[in-house]
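Annotated features, as they stand in Swiss-Prot:
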- Cys12, Cys49, Cys81: [4Fe-4S] cluster 1 binding site (BINDING)
- Cys155, Cys159, Cys162: [4Fe-4S] cluster 2 binding site (BINDING)
- 3-118: domain 'MTTase N-terminal' (DOMAIN)
- 141-376: domain 'Radical SAM core' (DOMAIN)
- 377-440: domain 'TRAM' (DOMAIN)
Amino acid sequence: MAKKVFIKTFGCQMNEYDSDKMADVLHAAQGYEPTQNVEEADLILFNTCSVREKAQEKVFSDLGRVKHLKARGVRIGVGGCVASQEGAEIIRRAPYVDVVFGPQTLHRLPELLQQRERLDQPQIDISFPEIEKFDHLPAASVQGASAFVSIMEGCSKYCSYCVVPYTRGEEVSRPLDDVLVEVAGLADQGVKEVTLLGQNVNAYRGRMGSTAQRADLALLLDYVAGIPGVERIRYTTSHPNEFTPRLIEAYARLPKLANHLHLPVQHGSDRILMAMKRGYTAMEYKSTVRKLRAIRPDLALSSDFIVGFPGETQDDFDKLMRLIAEVHFDNSFSFVFSPRPGTPAAGLPDDTPHEVKLRRLQQLQGVIDTHIRSISASRVGTVQRILVEGASRRDAAELMGRTECNRVVNFAGPPHLVGQMVELTITEARAYTLRGQYCAQESPQATMAA
């Protein structure tokens, strides 16, 4: 009987990708099969996120909940950014943990587990071997018509509030050929949509063959768009400073490039942006957005926002709200500032009461929600091309998929549509999703906006 592994993922899409790779590595090396039931697992892994304190502390809370399973010989591992940041401190706080491994060493997980058995003591590997991880990963397993592909690791921007450069290391890009081989392999297995991943994905500079030349993200997108079977391309997460004219032009020449972009601005006050060490002004951000929407007028934008950064005044917050009103974001991920140990911002003086920060966050989220509802309502009556991902979460008898602009659509349709690109007429706008009607016959050209 095959051993089973339970993996709980915290945080970003890069962590989701890494969790899939953990499962692939364990299956290839030791025959583990994934399970969603922690009670039947032989191995429990937490793939962690340290971007915010709440997520970090939840890891230790979850560890406590599975501690009792050690009585029947279950092994427990902690990976991801908390593992990289805390290292041996995890073993000190939770001595029943068997292995601790960083984002760059997940490929060594089978070896670490073997060493745990042989040496009868916890194992820790949070080193940063440059790109070695990708050289030792098995072929990707396909679980649908969409897939993540990591094209680079780490970040070299060192924003004053962010732990990513310390937990995932400096930027390292995968060679161009390696990425293309992985995408082509996924397409051969039926994947129609790929999302290219990186902490700072548009800083990609992949080696081209044996030459000294480097491919940027714009060139990589050209190559990926030419791979047979790939019908839609996404990428995340972008940094405004790396948005080159070539990348902007890609939206004009590549119809396969999805009509959605996650481009975190973080704030709308130049003073706060400078304190964050973001490297751009609000005006420069809006200029990039204008250039993009000159090519794709209905381009859907989403962003991260940090409210209550140390020293944020009411005037600073008002500037943030003005930027939001001007840009009209389609979605957001907004949070109150969470000081992370070891970052410059953690030591900045902060005299803004927490209740004021919470009130500002609620105000921001209320405005964004109004934008989302307005955009959704404008889609009613349009025809949208979606990738059908599977059963609807609302009703298992129905299907769901995503539009070009990453909006979820639920609809009634035959099961054989799963994994296909289909056209739907949008019939209803709900809070954060759409409802559509399947157009079984050939329909008019689908609009790009949704």
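Every residue, even glycine, has its Cβ placed from backbone N, Cα and C.
On the structure: features taken from Swiss-Prot.
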residue: Cys12; record: [4Fe-4S] cluster 1 binding site; DSSP class: coil
residue: Cys49; record: [4Fe-4S] cluster 1 binding site; DSSP class: coil
residue: Cys81; record: [4Fe-4S] cluster 1 binding site; DSSP class: helix
residue: Cys155; record: [4Fe-4S] cluster 2 binding site; DSSP class: coil
residue: Cys162; record: [4Fe-4S] cluster 2 binding site; DSSP class: coil
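Summarised by DSSP class, the composition of the domain 'TRAM' (377-440) is 5 helix, 31 strand, 28 coil. Summary of the [4Fe-4S] cluster 2 site environment: with the site residues Cys155, Cys159, Cys162 set aside, the chain residues having Cβ atoms within 8 Å of the Cβ mean position are Lys157, Tyr158, Tyr161, Val163, Val164, Pro165, Gln199, Asn200.
Its Cβ placed at the centre, Cys49 ([4Fe-4S] cluster 1 binding site) has 21 other Cβ atoms within 10 Å. Of all the binding-site residues given, namely Cys12, Cys81, the one with the smallest number of surrounding CB atoms inside 10 A is Cys12. Secondary structure of the domain 'MTTase N-terminal' (3-118) per DSSP (helix as H, G, I; strand as E, B; remaining residues coil): 70 helix, 22 strand, 24 coil.
Note on proximity: among Cys155, Cys159, Cys162, the binding-site residues of the record, the Cα nearest Cys49 ([4Fe-4S] cluster 1 binding site) is that of Cys162. Sequence-distant contacts of Cys162 ([4Fe-4S] cluster 2 binding site), defined by Cβ-Cβ distance under 8 angstroms and a gap of at least six in the same chain, are Val51, Cys155, Arg340, Thr343. Between the CA atoms of Cys81 ([4Fe-4S] cluster 1 binding site) and Cys159 ([4Fe-4S] cluster 2 binding site) there is a gap of 16 Å, rounded to the nearest whole number. Neighbour count (other Cβ atoms within 10 Å of the Cβ, all protein chains): 21 for Cys159 ([4Fe-4S] cluster 2 binding site). A sphere of 10 angstroms centred on the C-beta of Cys155 ([4Fe-4S] cluster 2 binding site) encloses 23 other C-beta atoms. Separation of the C-alpha atoms of Cys12 ([4Fe-4S] cluster 1 binding site) and Cys159 ([4Fe-4S] cluster 2 binding site): 17 Å, rounded to the nearest whole number. In the predicted model, the domain 'MTTase N-terminal' (3-118) has a mean pLDDT of 91.
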